[in-house]
Amino acid sequence: MKTLITNIKELLQVRHTSIDKLQGQEMKDLPSIKNAWLLLHDDLIEDFGTMDSLPFLEADSTIDATGKIILPSWVDSHTHLVYAGNREQEFVDRIHGLTYEEIANKGGGIVNSAQKLQATDEESLYQQTLTRLKEVMRLGTGAIEIKSGYGLTLDAELKMLRVIKRLKQDSPIHIKATFLGAHALPKAYKDRRVEYIDEIVNVMIPKIAEEQLADYVDVFCEKGYFTVEDSVRIMEAGKKYNLPAKIHVNQFNSIGGIKAGVENSALSVDHLEVMTPEDIEVLKGSDTMPVALPSCSLFLSIPYTPAREIIDAGLPLALATDYNPGSTPSGNMNLVVSLACIKMRMTPEEAINAATINAAYAMGISKTHGSITKGKKANLILTESIPSYGFLPYSFGSNHIESVFLEGKPIN
Ligand SMILES: N=CN[C@@H](CCC(=O)O)C(=O)O
Ligand SMILES: [Zn+2]
């Protein structure tokens, strides 16, 4: 099946040779072709060029994209999409002055979501998650990482990971699964944190690896949650089972999680709202992708990741949503790209690079996703008629997506 798209006002993120990530100054450049055509063959990008060089091509269907822009679909490398119910009461509690930490300390937060999830059957969990997945696909997300971490028992974590496995099988969107057993200390392990890490390392990770339910491991490395030592144990156990790490670090405090992540070859270190000069230094020369989650900063009113300092230090940066019921009940990558420009002083070019090719790196799929490159997946956003690509982050809160193609097919 071949689809030809013609008269594209601008084809964005065109990379003739496959790149895996962009860093520092490289992020300022967003290569494009104006007045372009694009040929899709089944699930892949077959060819592209300028309209004045369009050869005669046999296609099963042709789409006229006059006035419209095409870019690779967003890659969301950090979500907690599988959850049961919502936590809007905590949202109201925060409006009345309680902090995220105070809510967690009085039994809310992650442990609250764990109670709800443990009481929810797998089918209902699947349906609730599928609804959210379809919503983010319509918003232009074409690949997504989904974490466990609201189970906090072996059975409930397995239930979450089985839901993700089923979504992988059923949905056109590319999915990676991350095991986040160390998201919060379950009540049953009160004052026995090290025993919970023993359970994760000796029981949960081997079982999850045996059933091939995860691609990565994660840990919430933060004061009041898990220490750097706990995080290192989990990352080392992950490595033994071929599960690289993608970890939560520096959301509220800088406690050494980034250094530990880099030393353990973490694929990404995520959040980074609180960064010291040493944290930036330790990332230099590493293969670890820093990931910012600006819609979490918006929702919790916490600092934004210092993107300018990170990029101006020559480092790469990726953007993701962190979609979850507590700190970010939104999976809208368009809003994330806008916030990156508005609140983190990233240029539209930097933000689009961070939400496509660098985000693909952060979920280990930059060979197949994140740019318009021959042979990569035909995962595309076709915009409405808009004046320029800068209009996308500028017109924050509006949706200018006309259609989304995943694996070469329109999803709606
Ligand atoms: N910070 C840790 N985990 C999630 C929030 C989880 C929750 O509040 O339910 C996050 O990435 O923001
Ligand atoms: Zn998260």
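Placed from the backbone N, Cα and C atoms, the Cβ positions cover glycine too.
Just so it is clear, the model here is predicted, and its values are computed rather than measured.
When TrEMBL records His78, His80, His248 as binding Fe(3+), the matching candidate from Asp155, Asp312, Asp322 it lists for that site is Asp322. Binding of N-formimidoyl-L-glutamate is attributed by TrEMBL to Asn324, Gly326, and within the candidate set Tyr126, Tyr150 the record adds Tyr150 to that site. Binding site for 4-imidazolone-5-propanoate per TrEMBL: Arg87, Tyr150, His183, Ser327, plus Gln251 from the candidate set Gln13, Gln251. Proximity to Asn324 (N-formimidoyl-L-glutamate binding site), judged by a C-alpha distance within 10 Å, picks out His80 from the binding-site residues His80, His183, His248, Gln251.
Among the binding-site residues His78, Arg87, His248, Gln251, Asn324, Gly326, the residues whose Cβ lies under 6 Å from any atom of ligand 1 are, in sequence order, His248, Gln251, Asn324, Gly326. Among the binding-site residues Arg87, Tyr150, His183, Gln251, the ones whose Cα sits within 10 Å of the Cα of His80 (Zn(2+) binding site) are Tyr150. For ligand 2, the nearby binding-site residues are Asp322; that is, of Arg87, Tyr150, Gln251, Asp322, Gly326, Ser327, these have a C-beta under 6 Å from one of its atoms. Here the binding-site residues are His78, His80, Arg87, His183, His248, and the one whose Cβ sees the fewest other Cβ atoms within 10 Å is Arg87. Candidates His78, His248, Asp322, Gly326 (binding-site residues) were compared with His183 (4-imidazolone-5-propanoate binding site); those inside 10 Å Cα-Cα are His248. Among the binding-site residues His78, Asp322, Gly326, the residue whose Cα lies closest in space to that of Tyr150 (4-imidazolone-5-propanoate binding site) is Gly326.
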